[in-house]
Amino acid sequence: MKFYVQKSDLLTVMQKVIKIVPARPTLQVLSNICISVKGSVLAMRAADLDLSMSARTEVKSSGQDRDFIINAKKLFDICKELPEKEILFNAEKSGFVQISTGVDEFKLPIQTADEYPEIPSFEERASFSLNAKLLDDMASRVRFAVSRDTTRVALKGVLMELEQGSLKMVATDGHKLGFCKETGLPVTTKKKISIIVPPKALDQLPNIMDPAGGDVSVKLGETYIEFTVNTTVLTSKLIEGEYPNYEQVIPQTNTKKAVIKRDELFSSLRRISVISNSRTRQIRFAFEKNSLTVSTSDRDFNGEGKSSLPIIYDTDPIAIGFNVDFFIEILRLIDDEDIVINMNTPLSAVLVLPADKKKSEKMLFLIMPLRLLDEGNE
Amino acid sequence: MRSERTIIHVDMDCFYAAVERLDNPDLNGKAVIVGADPHGRGVVSACSYEARVYGVHSAMPIREAKKRCPHGVFVPVNMHRYEKMSGHIMDILNSFTDKTEQVSVDEAFLDVTECFKLFGNGAQIGRMIKERVLTQTGLVASVGVAPCKFVSKIASDLGKPDGFVVVAPDEVLTFLHPLPVGKLWGVGKQTEKLLHALNLKTIGQVHACPVEVLCAKISDSSAQFLKELAAGMDTRTVETLGEAKSMSEERTFQEDVGDKQLLRHVLLEQTDEVMRRLREENMKCRTAYLIFRNTDFTKHTRRTTLNRPTDSSNEIFACIEKLLGQEDFYGKKVRLIGMGVTHFGDDQEPQLDLFGQKKTEEVKTKSIDAARDIIAQKFGKDTLKRAALTPQADHTRP
């Protein structure tokens, strides 16, 4: 079998699937990609143990249809450097493929695809579609809160909940929590479905998205999830386990509310974080009538920092400790002029929201305080 | 007036064997060898003086000991019993001064410089320690009293068994100089050879030897160090015990093991024990590690860290089980398996947890752990065991 393919077409599909090829594969076969040519369609596929991606392009082929696997990195590095023209792949002899452009000629070993992981097929429980950029935005809002703790397996993923046309995404490691929600989606079922998606699958969303915009269709099964954009398909195993009841930890009533300019707080925290202890990352928020003072001191370095800003706050003064990095990360994810901080006590979960009502229905963040250990001495 | 610095070194005579005799008086007068199974491939941990006559010494392969002293009584190591006795002895030592440095299970230094008003001079305190240890534990301690650590250690050793040697400040050089160089702190077989090559046989000769001559054979810093020691100078202070940095359990198998179920079983037992000790100290840990030694003797550790401290046996075992599950032991069998915990902290972890207090499962296992600890304390730690650790257990459940 021989086929001709435009370099740019080949590179477009390769750039997508190459990202799935594991840098240090657990199985040697996974350092390859699988190419299958059927008539005028070339499908290229990469897989690791949990994730697989396939993408297609048009070719001009002659001879029998066939599948083979080839070292991903070598092929990619060659293709990148080839001139912008039609490339000929000749796989008529067994054991290798000849790649020629008229000027260059390469010979690369190939193998049959027998031992390469199959595309998982699974039964659909539900499907929906939404704007790909929107789904990626949701994923990025919660991604930061995914746990790295290997013992709480469920928390190592992002919870996706489908119910009555709404999609909720949640991630938490117990110290911080990100939540976002989209409603009015065309979902094929009214039943509530909860699944836990590995973050590395969501990380691939920008990679499969059409730069010109458009939707991604999402298909959910018992143990798999599949994202499809045009002819690119990303399939991932789901994380098994029970996600903790996150709704229970979102405080329903809040006795203290502060409204703060996002940008001002963001730059204050960035400055203060320089001095914050590299291990504890502790900073102190002191709320007083219409003013907030963020301060920190680092005993190891023997330095101190303090920054004050005007806010809207009209209840009893309160001082709360936070990990400055968590707070900065949350502010980065809120695209609103003002933010709202809802508090109860220095030791209970603090809610951070965009001030805009419409936006705050779509996202919220929780951050657990740091106990201010030397509070008595201050 | 400031008293002369006075250091006491206390070293228990044949500690393991003596404890065994305490528990079983029939062993008195017999050659007692504490260590691994005499038909296995372990080593001698300790032996009585009766056994030493036959050339048996600690760290000797146990089979060799059996060959040299076939009539000896071979007793397995009961470390927990020794540790308990060691605890008693340390309590006695601590009743003299808090400046104690426990070097091993049966050995400690005391700085008694500031205790003269309370108990009398160094020699008197040394006597009191010997007597008190004997009357309260029935064990014999050898004691050395000297103005510095290393001289006191040599002194306690020279008098053994049942030693009591006092070296006054003005006697240090006359005491040290006739002794062979091998007695110097830090001089092992290799350095001894080098010193012998310089025709330096005694500590006195080292003292007399110019430092440049020593430097020809050994490093500058060691040469300087040895010169100081030979002059009876040792400024090292008695380091009071720092807090433990990790806790662990290990087991060497008689035969190499490939069966993961068996390893899991052993690890579960070890986790229970380590976590019990951790809770006894009112500590929590964040990191759990798995230790193994392959048939080729290479030792490896694998670790995992939680995002909060815990003292739960089940939680740590979950980590260990996970590490075990991922491990292929390089395709080899395992000679030694163990686990440990480190990265200690306490409840005062500043970062609060969203799901902290709410997990009922956590509360349940916590009370189970607490109940087991009480039972272990009252009736001994083997009274109550997990069902999975009974011989007929189905090894697939925790």
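Quick reminder: no glycine exception, Cβ is built from N, Cα and C everywhere.
Taken from TrEMBL as is:
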- B:Glu107: active site (ACT_SITE)
- B:Asp11, B:Asp106: Mg(2+) binding site (BINDING)
- B:7-188: domain 'UmuC' (DOMAIN)
- B:Tyr16: site 'Substrate discrimination' (SITE)
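A map of TrEMBL features onto the structure.
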| residue | record | DSSP (3 states) |
| --- | --- | --- |
| B:Asp11 | Mg(2+) binding site | strand |
| B:Tyr16 | site 'Substrate discrimination' | helix |
| B:Asp106 | Mg(2+) binding site | coil |
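Within the same chain, the residues at least 6 positions away from B:Asp106 (Mg(2+) binding site) whose Cβ sits under 8 Å from its Cβ are B:Asp11, B:Met12, B:Phe15, B:Tyr16, B:Tyr82, B:Ser86, B:Ile89, listed in sequence order.
Spatially close to B:Glu107 (active site) yet at least six residues away along the chain are B:His9, B:Val10, B:Asp11, B:Met12, judged by Cβ distances under 8 angstroms.
When Cβ neighbours within 10 Å are tallied across all protein chains shown, the highest count among the recorded positions B:Asp11, B:Tyr16 belongs to B:Tyr16.
Model confidence over the domain 'UmuC' (B:7-188) is summarised by a mean pLDDT of 89.
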